[in-house]
Amino acid sequence: MDHFLYRDGALFAEDVAIADIAQAVGTPFYVYSTATLERHYRLFEEALEGMDHLICFAMKAASNTAVMRTLALLGAGADVVSIGEYLKAKAAGVPGDRIVFSGVGKTREEMRVALEGGIRQFNVESEPELRALSEVASAMGTKAPVTIRVNPDVDAKTHEKIATGKKENKFGIPITRARAVYAEAAALPGIEVVGIDVHIGSQLTDLTPFAEAYRKVADLTAELRADGHDIRRLDLGGGLGIPYERSNSAPPLPIEYGAVIRDTLGHLGCEVEIEPGRLIAGNAGLLVSRVIYVKSGEERDFLILDAAMNDLVRPSMYGAHHDIVPVDEPAPGDLPHPYDVVGPVCETGDTFAKQRHLPVMQADDLVAFRSAGAYGAVMASEYNTRPLIPEVLVKGDQFAVIRARPTYDEMIKRDNIPVWL
Ligand code: LLP
């Protein structure tokens, strides 16, 4: 459930009319609902109630400082994958001891900054990374808290570009080699092993792969404890999917996911961390765009929007579906018309949807892409020298621009002309 509903014939974000935001900030823009972010965060809190746990929001899904701060105020931690995200989490008010650092390619400089600023743990993904981290921490006269990400070789049954838990993927160390790597970790002077990490993929719509992976983690916990390691923390990654198409059956709920965690790992007495991104932010955000032209082609009609693939890349990158709705509520008798919904970028791939049924639209009408709060703004680029679009946060009847649209002057000034030109 989200807080983007029609009211008196117009789409609202909580108590603010989308058309009013469009008037104030111009289109296209992203808008997030505080109540929806909070609701989704609390669903995970409820799901893990009674277990010692921490919910670390995967900032890669939506890294705006104001979004992170909204969640931090509820007690959320952060899962970061770069020092940029780490510094933003800190700026949002997340204390270092609630930040976990994931990713296959952490640099020594990133390790140093995180150790200096405070970190809950590094989720280490390889032996070379483990050795580098030990060296960096030792040189600083400290020990780095570490979980090692294991690759359980489980098929997450999701899009191949976002599946991470199969042995052919670049992530983690093979679970079959875990005991040897933990033995090495225990012998390194700058490493303090605190637990195990696993993440098998994103947009999972079936709980079976989670259960399979978590059962393997439970077995590994027992083995590593028998080897003398202090496994007190399990980081279970993110990945729970969201409904992108309202007409389709809904994926499992956080409460059901929580039950899988309890069933597979509850007996171990470990502290549990999860790293959800999409489920918290995805349906808490819209991309709002204006129709520039309605163009009648020979075979089909095109809705040409002012948003493009550089603003929301998921449809062209993954063939992803986003529901598109008119901001003016369709009247009951309106007959839907099929449109190819496209952006102005000079590529055929700049297509959001083909033959999508919408009410008959006209130039200047507003549309909203649903489920755009996760992996939307964060994946945007300035391709075609189109400025990154603003982000807006709504809370009740208030809204604020949480990232402004750059001016063309600012964009031009970022380039430098060398002396010889
Ligand atoms: N933890 C780790 C280690 C991850 O790699 C990811 C996502 C998450 C947590 C959060 O997963 P979530 O709960 O959001 O599913 N750009 C793609 C998604 C990439 C996901 C990458 N890793 C998309 O637009 O679908």
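From the backbone N, Cα and C atoms, a Cβ is placed for every residue, glycine too.
Binding site for substrate per TrEMBL: Arg278, Arg314, Tyr318, Glu347, plus Tyr375 from the candidate set Tyr214, Tyr244, Tyr375, Tyr408. Together with Glu275, Pro276, Gly277, Arg278, Tyr375, TrEMBL lists one candidate of Gly239, Gly343, Gly349 for binding pyridoxal 5'-phosphate, that being Gly239.
Within the group of recorded positions (Lys60, Arg278, Arg314), the Cβ with the highest number of other Cβ atoms inside 10 Å belongs to Arg278.
Around Glu347 (substrate binding site), the same-chain residues six or more apart in sequence whose CB sits under 8 Å from its CB are Met309, Ser316, listed in sequence order.
Set side by side, the binding-site residues Pro276, Tyr318, Tyr375 differ in how many other CB atoms lie within 10 angstroms of their CB, and the most is found at Pro276. A 10 Å cutoff on Cβ-Cβ distances gives Gly277 (pyridoxal 5'-phosphate binding site) a total of 24 other Cβ atoms nearby, all chains included.
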